[in-house]
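Asker: One structure, as structure tokens, below. Some questions next.
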């Protein structure tokens, strides 16, 4: 049950309103602030009963409107006056079924939507239901032909609409001239989207420490007229920029396609006639006609006297909590009318709507640089500093040797190329892009590549329940039948008390009709009954009532609804035996404690007493793969916390069925609304230890994410509504689930197109594989840079010699071209969350780089040894060619060491990586043998074989050292790479919580005073 504070809004909602810059309208502060919100309609006996609050606290039952014989009369009933409005085209009768009462709402969470991945059974069930309803619903159906008018005009910026412009004549509407004037002032009803400058976006990939060094190297190469080096460096820069730009552009295009779900048409009253126009043509002050199935195209205020609508606001809130709307209540853009009919005056369009303001807020927040980008920039900066230090040493030595300027520039270019991994951005971006493409095949759209790294390190997943953990599809359980009543009788009566109108069918009625396949006798009898009158759910009596005629002509009244209220109907008619009463109440309490939503069923034949038939439990069952997926997630070191709008009992029962922890609490205990007496540190402990929270509002989700992040966790958050956008933005990995609203998709890092938790866990495992590839490459590439920087720096300082500049460039090219294929490597996924442990990474890379430099130095020094058979390749090779081959082989093979979690033979590389390295090794060998470069000389095949053997020996030595260091806890401690225990500054947490409560208290007082 929603509790209201002094402002008439759900308690605690003032916090989320801060996220959305306050209330843009006069009436309701947010979609969840409507005073007629219903919760847990059917739950009694241990679970909260329904509470329906009216603005005027009249306590009267909702008005029931019977169908008008024609559209003119219908409009006359709907409008505040009795003057009829001329329709452009006469419509047929709407039938006898009333359409203004709310449906049976059973959940706080989002409404049922088509489930993918559940097999074809669900689709067959839907087709069966449609066929059944078509058969049952034999009344006249409405056919309206409307005229389409288009009046394009300039789109201006959205502005605040003066109240006098909203005083449109409800019987006539706006004139065409008034519409044109308002179009010029307020523009079209289209949300303004930030147009990305693709040129600026592309150029942004040329910015960064590593990119700056590459650009400096290209300038040096051009100055030295070394066009080969210049072309290679520019090609690497373009490769990196192109891959990154194309990937993000493709992700954005996919998301743009998902946004094409807005209302396209609208029925508007203009010049005294109701006509259908493009939704973009709506202007403030327009009178819109809303009926079942209408997607509200703008914000507005209901003006029909005594109107009563049931509105689905799941596109905004992400929850299917039924909302009842009355005269003067606010309708929000993108909400859907489920039942009822009314007229409204448009108060805001485009960016001035509630959804528009929320989207603007999310867009204004901007995108952070991303942790992975920071890591790469940090690595590039450190390597750049090392390059500068090395060059200072070389310049000092050159000063004493009077080295000419041209030679110094060559030294600078050489050290710059080998000291900073020019291909690092390209390889890493390619690796993530390939991973993102793979994730897209699994229905996970990565909106920014850095989200892959964030997802790999997630330790806690805050997941909603409906549609992610459960099917979001109500199903019926085993019924309880009063003695002497058969299940088929109970089912038949319950289905007779269900809507037969397909357009307004709610989840409860749909569940009953689906279940008919298990009750063949009831299904056969259902079509033989004639519905004389039908009254949808009454929020006061908490029942649905149907008056039917049996095949024998007998008239029967059928009801279903809240169990105790249905039972009270029978008790008011006659005394029920104590045994039946006790058994009935016991079943109600038992079902409520187990989290079922239960419905009582009763009937009364003419001239007879009311007869209680029994109780039908219904629930949203877990998805078939959820329990297994949760068990798998626990094995992956991932904790899952359930955040749901459902009642605590339902949440606990779902958690029990799924094998999750059952420490699920009411979100009010967080004390976010100014109440609560737990110190801040205890609240944080409470959140950290809890397995989930029930009856949550969006601000609770935001607070849970914030608290967990303060405790040092990487947190992922799932969401689907506009109000979830701040939480998705706050989380380290924001996940928009299948069916999410546009605002949620925009705020999320990853958009899932498939339902269920398994899709998220699959993406998490894939992200860890991608992270493993990136980590292996970064260690490899840093080691290579240090290898050549140490060797060439010492060689220049000690002997004033340098490897052929072309060979240095080819070494850099070969290293990066070969390892581009690491994006397709057979990488394992870690069994626990992975993070960048930079001290350990630098420690491993430095030791490996030193060992590589020592190996190359040994080859270099023995080549100048004097005497017979004293050197490794003495008398069989030329220095530059032999060094080029030895450096190329040992560096290329190093990737086979860093890519493995264990010994290098424990995991076989992919054929793409093996093939790329083999091709590069063959090219390096041919370069060495035939001297394919400027000033090159041929090398003996004997020298080549010896270098291959020597390089393999170096490879085995480094592999052993790398494995020992990787498995050594002492090395971890020595490098200070182990993450510290999460220390909690408890006094600070207490102070912050007290400050929040004081602020909330004063804010509430100020609003009450005003």
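Including glycine, each Cβ sits where the backbone N, Cα and C put it.
The active site, 4-aspartylphosphate intermediate annotation in Swiss-Prot covers 464. Annotated Mg(2+) binding site per Swiss-Prot: 720, 724, in sequence order. Here Swiss-Prot flags 25-34, 68-106 as compositional bias 'Polar residues'. The annotation compositional bias 'Acidic residues' is assigned in Swiss-Prot to 42-52, 140-151. Residues or ranges marked as region 'Disordered' in Swiss-Prot: 1-126, 139-165. Under the heading topological domain 'Cytoplasmic', Swiss-Prot lists 1-201, 247-377, 434-805, 861-912, 964-1010, citing sequence analysis as support. According to Swiss-Prot, the feature topological domain 'Extracellular' maps to 223-226, 400-410, 825-840, 934-946. According to Swiss-Prot, the transmembrane segment annotation covers 202-222, 227-246, 378-399, 411-433, 806-824, 841-860, 913-933, 947-963.
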Asker: I'd like to know which of these recorded positions, 464, 720, 724, is least surrounded, judged by other CB atoms within 10 A.
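Answerer: Result for the recorded positions 464, 720, 724: minimum number of other Cβ atoms within 10 Å at 464.
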Asker: Tell me the residue counts in helix, strand and coil for the topological domain 'Extracellular' (223-226), as DSSP assigns them.
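Answerer: Helix, strand, coil within the topological domain 'Extracellular' (223-226): 1 helix, 0 strand, 3 coil.
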Asker: In this predicted model, what is the average pLDDT of the topological domain 'Extracellular' (934-946)?
Answerer: 77
Asker: Check the transmembrane segment (202-222) against each of 378-399, 806-824, 841-860 and return whichever range has the most CB pairs under 8 Å.
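Answerer: Of the candidates 378-399, 806-824, 841-860, 378-399 scores highest.
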Asker: Using DSSP, how many residues in the topological domain 'Extracellular' (400-410) fall into helix, strand and coil?
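Answerer: Across the topological domain 'Extracellular' (400-410), DSSP assigns the residues as follows: 8 helix, 0 strand, 3 coil.
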Asker: Helix, strand or coil at the residue listed as 'active site, 4-aspartylphosphate intermediate', per DSSP?
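Answerer: Looking at the DSSP assignment, the residue listed as 'active site, 4-aspartylphosphate intermediate' belongs to neither helix nor strand, so coil.
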Asker: When DSSP states are folded down to helix, strand and coil, where does residue 724 (Mg(2+) binding site) land?
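Answerer: Where residue 724 (Mg(2+) binding site) sits, the three-state DSSP reduction gives helix.
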Asker: Give me the CA-CA distance between residue 724 (Mg(2+) binding site) and the residue listed as 'active site, 4-aspartylphosphate intermediate', in Å, as a whole number.
Answerer: 11
Asker: Would you list the DSSP helix, strand and coil counts for the residues of the topological domain 'Extracellular' (825-840)?
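Answerer: Residue counts for the topological domain 'Extracellular' (825-840) by secondary structure: 3 helix, 0 strand, 13 coil.
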Asker: In angstrom units, rounded to an integer, how far apart are the Cα atoms of residue 720 (Mg(2+) binding site) and residue 464 (active site, 4-aspartylphosphate intermediate)?
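Answerer: Rounded to a whole number, the Cα-Cα distance is 9 Å.
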Asker: Do any residues of this chain, six or more beyond the ends of the topological domain 'Extracellular' (825-840), have a C-beta under 8 angstroms from a C-beta of it, and if so which?
Answerer: 371-372, 375, 378, 456-459, 635-638, 714, 765-766, 768-773, 775-776, 899, 901, 907-910, 912-913, 971-972, 975-979
Asker: Using a Cβ-Cβ cut-off of under 8 Å, list the residues of the same chain that are 6+ residues beyond the ends of the topological domain 'Extracellular' (223-226) and lie near it.
Answerer: 406, 409-410, 413, 805
Asker: With a Cβ cut-off under 8 Å, give me the same-chain residues at least six positions beyond the ends of the topological domain 'Extracellular' (400-410) that come close to it.
Answerer: 220, 223-224, 800, 802, 805
